[in-house]
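What TrEMBL records for 1-16 is compositional bias 'Basic and acidic residues'. If you look up TrEMBL, you'll see 1-23 marked as region 'Disordered'. Look at TrEMBL and you will find 22-142, 181-305, 346-472 tagged as domain 'C2'. Annotation comment: TrEMBL describes 572-589, 601-634, 716-746 as transmembrane segment.
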Amino acid sequence: MQRPPQEDFSLKETKPHLGGGKVTGDKLTSTYDLVEQMQYLYVRVVKAKDLPGKDLTGSLDPYVEVRLGNYRGTTRHFEKKSNPEWSQVFAFSKDRIQASVLEVNVKDKDVVKDDFVGRVMLDLNEVPKRVPPDSPLAPQWYRLEDRNGNKVRGELMLAVWMGTQADEAFPESWHSDAATVSGADALANIRSKVYLSPKLWYLRVNVIEAQDLIPCDRSRFPEVYVKAILGNQALRTRVSMSKTINPMWNEDLMFVAAEPFEEPLILSVEDRVAPNKDEVLGRCAIPLQYIDRRLDHRPINSKWYNLEKHIIVEGEKKKEIKFASRIHMRLYLEGGYHVLDESTHYSSDLRPTAKQLWKSSIGILELGILNATGLSPMKTKDGRATTDAYCVAKYGQKWVRTRTIIDSFAPKWNEQYTWEVFDPCTVITIGVFDNCHLHGGDKPGGARDSRIGKVRIRLSTLETDRVYTHSYPLLVLHPTGVKKMGEIHLAVRFTCSSLMNMMHMYSHPLLPKMHYIHPLTVTQLDSLRHQATQIVSMRLSRAEPPLRKEIVEYMLDVGSHMWSMRRSKANFFRIMGVLGGLIAIGRWFDQICNWKNPITTVLIHILFLILVLYPELILPTIFLYLFLIGVWYYRWRPRNPPHMDTRLSCADNAHPDELDEEFDTFPTSRPPDIVRMRYDRLRSIAGRIQTVVGDLATQGERLQSLLSWRDPRATALFVIFCLIAAIVLYVTPFQVVALLTGFYVLRHPRFRHKLPSAPLNFFRRLPARTDCML
């Protein structure tokens, strides 16, 4: 496989003409200040009155046809109505207007040929301009004319104006760019939309004991367990050790529940009669709306629930209510945790579920999705290659979807979106997809929207109040290797409301305190994350228009934990990159020991002598040295946001067999059966090793980022700390510092806090090169 040139995968800084050029310093003044202005002719068809009848019966099935040169848009028609109301808006791109007159025709829908009722002709030179926040233009009544310009019976209410994509009529309007798309479902599929993820809760089911169970076979000791089902999640307790009709468990089961709570929690107590045969001893259904909600770690009161036993009588299920068995449980929705529904490396939201625990926002993130260039053909239509591209951006609970640009390899969206930011150490993900649903209606097992590529941007790597305009490569890994599918042009600005609040965030834990006071196990978190992603993808795919499952899973990096030889190699090289600095120091020290440079060696001898004679200078000298290095590195600080790096990801020279393994199904589809079993086991174990290796690399890269200015605020904090530490340690006797440090490290557990310390929180918030991993 020929290796593509490296410059194809690079990030390019651009100088677009944003906001119509209204720039004041780094701030822009118009509503849509992060995108290029696009001019549109808007036509709002409101209603008509006193329309004449056309059929033999004197009735009329009216609709309006808006014509501008070669472009023609039509409203829906009404059955037998002379005073119809349409309230539809048409938008014609100014770049494509080749006519000087706008023609609005009122027609009568007919089986054979539609009858002409009347028209309104408007000169485009007379159309007024509207710039938000000006109020919308008031519509006017126009008398209808016949084809010769004579006034006829009937009037049409219209509003016509020139505006930009900042106009509130823009998202819901019919676009001349999409004139080939017809049908309400298909038009809904191409419009821009904003979606919200469902609010997710952890549901904790603490199964304590059961009482008065009635097994069918009284002659044996029952082997009882509890099975709990919520939606498509099913969990079970272990078999109770107390083999009686009053078994005990005291075991926790954890589920993910989403508002609104549509499905109840169904619990069944079952007896294992034989190895593959279980008998239901009782069942109960509990609606989640009435379950207690807990914001901290305080215990919740337990309750007894009656178990109903069902019996089959002549093929019908009936409740048996002779005697009620009971189950003792503690149920509550956990509001103090953050429900993880995306890859932990690329989290866009870290807030707890309960809104009353949220802290105030620290700033605003603005994203301008400008355009894309050089997109690859994604499908064939009428014998020619084409691409119908749209973008999806996800940050926090808010997902946005741009409109679909029909049949273009260089689409221009110029849409701007805004998010509230609660934590700077979060990531926004922008994906580009090809729309395969332009004709509405989903066939069973039908087309899936193809992925064109995605971009991730970590907010903490952005300077505040600066507009970043870059063209990002869209890279996708295929079984044949990495492929550049085009470039996407973005404008990003992170505005901070209070610099002190944001700096203070660096000392806070990343996750809510419940994750540290009552931590969940790694296995629990993996299982719960999988359930959360399934719930989010299912809910968003039920929206109208749907945000489909394949899109949500790609944006949430659902398959990132799977084994891949390429990722394992990439993580190994990341560790070697971190260790490379230590190896370089070792070589430098070896050169000093071997007197390769006598002057340097003599200076080191003098420094060593001073530090031995005056040990109190050791720590301040180290901190001063780190401060000077940090200041020295400031001139080489990264000026661009991170982007997908093919070399770091080992994607540009991956072996075809490694890619075949990465794109293999799980379980594997490779014969024979025994090899498949061993192969799957190997991949499962190696996936965990890969994660551990990646986490080790992340810690080392965070150390490197202390002085790299990758996160300008974190480096500034650390550099200032180094300066203050150097000054304090110069003044304070070394013995005092050593004593205080020793006593602090060896302090009694009573004086320790369960939450991580401020230095540890600061360290965990530092960026690593995971953002650049493909």
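Placement of Cβ uses the backbone N, Cα and C atoms for every residue, glycine included.
Annotations in TrEMBL come from automatic prediction, not curation.
In the domain 'C2' (346-472), the DSSP tally of helix, strand and coil residues is 7 helix, 62 strand, 58 coil. A contact between the domain 'C2' (181-305) and the domain 'C2' (346-472) is present, since 3 or more of their C-beta pairs, 6 or more residues apart, lie under 8 Å. Sequence-distant neighbours of the transmembrane segment (716-746) (same chain, 6+ residues past either end, Cβ-Cβ under 8 Å): 503, 506, 615-620, 623-624, 626-627, 630-631, 706-707, 762.
Shown for the domain 'C2' (22-142): DSSP residue counts in helix, strand and coil, namely 6 helix, 56 strand, 59 coil. Taking Cβ pairs closer than 8 Å, the transmembrane segment (572-589) reaches residues 648, 650, 693-694, 696-697, 700-701, 703-704, 769 in its own chain, all 6 or more past its ends.
Residue counts for the domain 'C2' (181-305) under DSSP, helix first, then strand, then coil, are 10 helix, 64 strand, 51 coil. For the domain 'C2' (181-305), the model's average pLDDT works out to 88.
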